[in-house]
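Here is what Swiss-Prot records for this protein:
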BINDING   Asp304, Asn306, Asp308, Glu315  Ca(2+) 2 binding site
COILED    149-217  coiled coil
COILED    340-407  coiled coil
DOMAIN    239-274  domain 'EF-hand 1'
DOMAIN    291-326  domain 'EF-hand 2'
MOD_RES   Ser85  phosphoserine
MOD_RES   Thr147  phosphothreonine
MOD_RES   Ser368  phosphoserine
MOD_RES   Ser456  phosphoserine
REGION    192-220  region 'Disordered'
REGION    393-459  region 'Disordered'
MOTIF     302-332  motif 'GBA'
Amino acid sequence: MPTSVPRGAPFLLLPPLLMLSAVLAVPVDRAAPHQEDNQATETPDTGLYYHRYLQEVINVLETDGHFREKLQAANAEDIKSGKLSQELDFVSHNVRTKLDELKRQEVSRLRMLLKAKMDAKQEPNLQVDHMNLLKQFEHLDPQNQHTFEARDLELLIQTATRDLAQYDAAHHEEFKRYEMLKEHERRRYLESLGEEQRKEAERKLQEQQRRHREHPKVNVPGSQAQLKEVWEELDGLDPNRFNPKTFFILHDINSDGVLDEQELEALFTKELEKVYDPKNEEDDMREMEEERLRMREHVMKNVDTNQDRLVTLEEFLASTQRKEFGETAEGWKTVEMYPAYTEEELKRFEEELAAREAELNARAQRLSQETEALGRSQDRLEAQKRELQQAVLQMEQRKQQQQEQSAPPSQPDGQLQFRADTGDAPVPAPAGDQKDVPASEKKVPEQPPVLPQLDSQHL
């Protein structure tokens, strides 16, 4: 998996365990018992996707006296070849148990990572072979997912060493692409201007470049002139009494007996300030970081004889005895004096940008079409919704009308008017419609029966 490592972070992890600190760097206080007010130095993130696992393994191994002793006596080849990893068989049971648990946690983390990755790319019901997928992670042994063995330590060290060693090359490539993009945008901007405006923009650019080149002489990193300038201006000491050993001790910030990459890069600050000022429009801070990296690489190439990315006192003192240490009259050539790319590389880069832009435009067009289709679908749904609401309203109105028609009439004051119940009584015919009826056919109203009266004597 790709890694991105912040500047200066890769090799700060495990002094005084010097050899393994070529892979990591965990600042450790050499003084015997730690005081409560001594705060542990925060470990910088290497940028590796397995940084936490790597750090925790180192922290656990550091607690074992036997392994720590063997590590201090080992050289870089013993570590890289895997010879030191065999000492894992002799660490305490408690340490092995902690390492086993760390590995199980790492395997579990990778499984979840892989599952999320596969779910994003494939069908959810697809069966995933986690064993095969774990093989793409080279910092652990996928054949044994439960215990931490010598092979795990060997793979962890080798993978971290390789990944961190690739940091500088990746940084240079990133800077090249940055410079090509900057030039591409500059040319496109000039093409968009009229002739007079273009001439003015080109004149302004040339003026900025001229101001950027006008700076004091930059000393060669690691040279006598450069170190003496730090000695005088940063350390405030007499340049005529420059002492390389004292200089080394002063700038070994964590007193671990070596100058790591951050400690070396701190020595270049005065030189970089001669060329780059964040307040100046013509000074690019990305170029300054590239310059810092070039300076560090130059020192490492000439001073770090065993290529463990750490400068020991012996290596530093030996470098001050070389002829090149004092012969630096020409000074250091800054990054703008070396083209970061060729015209052919720029052409390929612009073709890549054009292809990517065309792809993005096509994708944007598809999204626009899909958005329009969704809009039309939404309009249809809204129309159907309005029709449905209108139909419901009409039904409610009809229902209300039917209820009003079936209700009894009401008096003017709003009260309902009810008729008296006439029973079986005949309804008189309207006047004028009555006909003469024979007396024999006329109904005589029935009289109630007459009861005989009883004399009071009979009671």
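Glycine too: its Cβ is placed from the backbone N, Cα and C atoms.
Shown on the structure are the features that Swiss-Prot records.
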residue : record                : Cβ neighbours (10 Å)
Ser85   : phosphoserine         : 20
Thr147  : phosphothreonine      : 14
Asp304  : Ca(2+) 2 binding site : 19
Asn306  : Ca(2+) 2 binding site : 13
Asp308  : Ca(2+) 2 binding site : 22
Glu315  : Ca(2+) 2 binding site : 18
Ser368  : phosphoserine         : 10
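Closest in space to Ser85 (phosphoserine), of the binding-site residues given as Asp304, Asn306, Asp308, Glu315, is Asp308, taking the CA atom of each residue. In space, Asp308 is the closest of the binding-site residues Asp304, Asn306, Asp308, Glu315 to Thr147 (phosphothreonine), judged by Cα positions. Highlighted in sequence order, Val303, Thr305, Gln307, Arg309, Leu310, Val311, Thr312 have their Cβ within 8 Å of the centre of the Cβ atoms of Asp304, Asn306, Asp308, Glu315, the residues recorded for Ca(2+) 2, and are not part of that set. A straight line from the CA of Asp304 (Ca(2+) 2 binding site) to the CA of Ser368 (phosphoserine) spans 58 Å. Recorded residues Asn306 (Ca(2+) 2 binding site) and Ser368 (phosphoserine) have their alpha carbons 59 Å apart, per Cα-Cα distance. Under the DSSP three-state reduction, the residue listed as 'phosphothreonine' is assigned to coil, being neither helix nor strand. Asp308 (Ca(2+) 2 binding site) sits 55 Å from Ser368 (phosphoserine), taking the C-alpha atoms as the reference points. On a Cα basis, Glu315 (Ca(2+) 2 binding site) lies 63 Å away from Ser368 (phosphoserine).
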